[in-house]
Amino acid sequence: MSVGDVSVPHLAEVIELPVPREEREVSRARARAGRRWPAYALIVCGVALIPWLVVLAVALPAAENTPHWMAAWVGLDTMEAAGLIGTGVLTLRRHPLRVVAAAATSMLLVVDAWFDVSTSTGGDLVVALVMAATAELPLAAVCALLAVRAAAAGNRAAGAVPGAPATAGTPETVPAARTATVSRLPAPVGTFSERGTAAPASDRTV
């Protein structure tokens with residue numbers, strides 16, 4: 001449809017406006033609250049273990065014979081071997097799960113060193129100390145370092161992905177999916193030509 005030299009759009013034009021900042025802030029606050037409750041639960045469980053430690057220190061005997069001594073150590077060393085192999089393979093492939101594997105293996109090695117030293121006496125204690133200082137604890141440190149570096153690399157990669165949460169100092173972007181649309185009304189039928197003079201009634205066409 002046209003009036004003189006001025007064309008009038010047949011359909012309403014649609015423009016996109018960003019979602020109000022207040023709405024985004026409310027959504028992010030709710031998301032943060034939903035992610036925090038597991039952390040609070042873990043803190044409560046850790047604090048609850050403190051009085052239990054006192055009970056164990058008072059009630060447990062200084063020495064104890066166990067019928068599954070061999071199975072306990074073989075099982076622990078099996079988990080360590082699987083963790084070391086898995087961490088190495090996942091690291092070579094740069095798989096995201098290498099963070100979990102490296103962190104878990106590091107803790108297993110520390111536990112191994114602790115129980116090996118604390119349950120040994122005499123010559124076995126010397127061997128346990130040497131093993132802890134030259135093998136178990138250094139390997140645990142390597143795995144922990146791999147976990148930290150992999151986590152840092154993952155954070156940097158996430159920051160470079162479009163739509164990822166903006167960090168401090170970077171402009172905040174709004175995903176295209178979260179936009180509001182409004183209709184722009186058609187331009188009113190005018191009586192002026194492009195030169196600004198009144199157009200005769202005979203020149204008006206619809």
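Here the Cβ of each residue, glycine as well, is placed from N, Cα and C on the backbone.
Nobody curates TrEMBL annotations by hand; they come from automatic prediction.
The feature transmembrane segment is assigned by TrEMBL to 37-63 (among others). The list of residues near the transmembrane segment (37-63) in space but at least 6 beyond its ends in sequence, with Cβ under 8 angstroms from a Cβ of it, is empty.
Feature annotation from TrEMBL assigns transmembrane segment to 69-90 (among others).
TrEMBL lists 97-115 (among others) with the feature transmembrane segment.
Outside the transmembrane segment (127-148) by six or more residues, the chain places 83-84, 87, 91, 98-99, 102-103, 105-107, 109-110, 112-113, 116-117, 120 with a CB less than 8 A from a CB of the stretch. If you look up TrEMBL, you'll see 127-148 (among others) marked as transmembrane segment.
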_Residues of the parent chain within Cβ reach of the transmembrane segment (69-90), under 8 Å, 6 or more residues beyond its termini_ = 97-98, 101-102, 104-105, 108-109, 111-112, 115, 139, 143, 146
